Amino acid sequence: MIEEEQVTLLLNDILELYGYDFTHYSRASLKRRINRLWAADRFPSFAELRYRVRSDAGYLKRFVEELTVNVTEMFRDPSFYKCLRTEVLPTLAAKPFIRIWHAGCSTGEEVFSMAILLQEAGLLHKSLLYATDLNPDVLESARKGIFALAPMPQYSENYQLSGGNRDFSLYYTANYGYVKFNDELAAKMVFSTHNLVSDHSFNEFDLILCRNVLIYFDKELQERVLRLFDESLGPLSYLALGSRETLKLSAIRLNYRQITPEKIWRKIG
Amino acid sequence: MAENRLMQSTANTPYKAVVIGGSTGSLDVLLPVLSVLKPPLTFSLVVVVHRKNTPNSPLATLLSVKTTLPVREVDDKDVMKPGCVYLAPADYHLLVEHDGTFSLDDSEKINFSRPAIDVTFESAADVYGAGVVGILLSGANADGTRGLKAIKQAGGITVAQQPATAQVAYMPQQAIDNAAVDRVLDVPELIQFINQLNEANQAL
Ligand SMILES: C[S@@+](CC[C@H](N)C(=O)[O-])C[C@H]1O[C@@H](n2cnc3c(N)ncnc32)[C@H](O)[C@@H]1O
């Protein structure tokens, strides 16, 4: 088991050598991730783990990537997507142009789900989906629009529960255990690295989704990131968080009204 | 010995968290236990049960109608207060932080489970050390054994449901066979035990 001070040492090493600042991530989760790597890579001691991180650039890259959690799925929390369909998108339909930001999009399942909603609402042609993540490898994978075939039955079920009534498999072509989603869905996506810890606002959006990313941050960093979102949201735009994340501890909550029970807030102030 | 520690009102570490983990058959225990515990509780009661992945599931409602204790399904960064029952939300691992808040994590399933009992047990042991009591109930899964070991190692108290009284004996039996379990209790004994913990805290 790694000690608290050892975690701090490693995080400082990563900041110094790699430029990523994890010092305001939730400690309990980070500690688990580090312990897991320590065990999986069979380091006999902390000193050896640290030496490898400091001296082997390839290992450092892998280590950093393994610290963050990339788990995601399509139409995760169907009732959330149903609310986007029925309450959010209709209010954006009159806009000449719709800008959406997926902050912490991981391998893109959330972005493709959104593109499907937009297409079904007849809005995709005038939308732009900015999909960003800290990790360039997950973005590379998202950009390809290729996903494993195995979870498709579950995604299809999620899709239907979200109010979708088409045959989900029409959205992709299956091949050797993988599926490729139709190019027209990806046509309006822009993928780019963006670090929520250190990068700034880069546009104004009608909807920002940042789901299951803030749970990995401590309260101070959460507040900084929520301010960044607040700066990037125009009047009457929306902010969507993960199903157990809230604005209730944040100063920005006063400018927003929640579309209960979903974790979607509309900017009113 | 934990057994002695519980009896001595001189024990100087108060119990901060009683963490209960369970899977199939555990509601048969949780519901009667929660319905008779005497408030106010001097510690937090943290409940991690395997269940179907439905957010805002009726489980929180089910528990809250059975008890006068406040029941909360945890949101990220909620403060862990004594006297409350906290329920791990569906599809997230539940961890505790040194500042006394909860944090959530949607990383890979552990023992085919998210929430995993091991994650919460280990995390609570790390933060509260000897101030943790881990209780493992009925289930058909090996989850919880590792976590009980961590609690034991940190100086906390470990409890397993008497397997003969469990709907599915596997989970508590795994713990009894592989982790150092301080107490093996049936439901009435478990109720008595938790009330005793509360009294021991109050005597401090
Ligand atoms: C659990 S995934 C969430 C994916 C998707 N939003 C969902 O809810 O299914 C978290 C993502 O956040 C990204 N992330 C972590 N720290 C970040 C940071 N500082 N800036 C941007 N993205 C970050 C990770 O790389 C990972 O892909």
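Backbone N, Cα and C define each Cβ position, glycine as well.
Features as listed in TrEMBL:
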DOMAIN    B:11-201  domain 'CheB-type methylesterase'
ACT_SITE  B:S23  active site
ACT_SITE  B:H50  active site
ACT_SITE  B:D143  active site
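Taking the features listed in TrEMBL, we show where each one sits on the structure.
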{"residue": "B:S23", "record": "active site", "Cβ within 10 Å": "26"}
{"residue": "B:H50", "record": "active site", "Cβ within 10 Å": "23"}
{"residue": "B:D143", "record": "active site", "Cβ within 10 Å": "28"}
Rounded Cα-Cα span from B:S23 (active site) to B:H50 (active site), Å: 5
B:D143 (active site) and B:S23 (active site), distance between Cα atoms, whole Å: 9
DSSP-derived class (H/G/I helix, E/B strand, else coil) of B:D143 (active site): coil
